[in-house]
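Summarising the annotation, TrEMBL assigns transmembrane segment to 30-52, 64-85, 105-124, 144-166, 209-230, 242-265, 277-296. Annotation comment: TrEMBL describes 45-294 as domain 'G-protein coupled receptors family 1 profile'.
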Amino acid sequence: KLTHFYLFMIHTVTEFVLLGFPGHREMQNLFFFLILVVYILTLLGNGAIVCAVKWDKQLHTPMYILLGNFAFLEIWYVSSTVPNLLANFLSETKTISFSGCFCQFYFFFSLGTTECFFLSVMAYDRYLAICRPLHYPTIMTGRFCANLISACWVSGFLCYPVPIVLISQLPFCGPNIIDHFVCDPGPLFALICVPAPVIKLICYTFNSMIIFGPFLSILGSYTLVLRAVLRVPSGAGRHKAFSTCGSHLVVVSLFYGTLMVMYVSPTSGNPAGMQKIVTLVYSVVTPLLNPLIYSLRNKDMKNALRKVLGGLKISQST
């Protein structure tokens, strides 16, 4: 009888409630408007970079092709959470189905993992360009660049099926309230009915490996870049070398800084409010800032964006 009761309880949770950001209706409407504006600007900014890289032949180099793919990734990354968040602001029930929750979990973390890999590959590209400039054209060929891009996308989406299957098979027998705006493993683990220390350890170890692996690769690349730049005799040469890496370093700092606070030390017991704010920064704010960071610090990108915007104005006028 206990077994039958237990099996019945396991299947009682068919949907979750994402509390999101609490507040009265006027506050919810304000949040909706602000996030909607940020989302639209993110799509426009990253979309402009994708179009600039595609249409301007001067940007058909590995560095900008990687940047174009990164901007394309950011469009999907922010779209994996924000539309549901916007709907949540307007919803009275704030529910998401069991399968919908884990589907969001998969795409959000797969795209985030792909972003980690892309940041690592972009750092490697800068290392080759600065530390091995004579060999750069023969190493970073179009084919090799395409292989790196494909590896980032494929490996990013192959990393999370196993952890998600493990978590989804755990018994969720109520309550079904997730104090977050995304289906995150931390709040989900809090809702399971039985202790699962092994699966928790596997998932947290896996998250740390995915975060620290690319991060150490980035750190190694820029350590070699810094050592090479400091050997450049002229100040103008050092400034030029640093300017090519500055934008990428700012993006890496923003993304990894918030990511590590959230996932590297899961036992630290971050309050739910802090988890939401940190997640909002790296999943919504950072994709908005990235096109600004790259375009404002790069003359070639600014010129390409002017051409794109100029072409749009001409097409609209005709």
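Note: Cβ is positioned from N, Cα and C throughout, glycine not excepted.
Just going by CB pairs under 8 A, the stretch in 30-52, 64-85, 105-124, 144-166, 209-230 that sits most against the transmembrane segment (277-296) is 30-52.
Across all of the domain 'G-protein coupled receptors family 1 profile' (45-294), the predicted model scores a mean pLDDT of 86.
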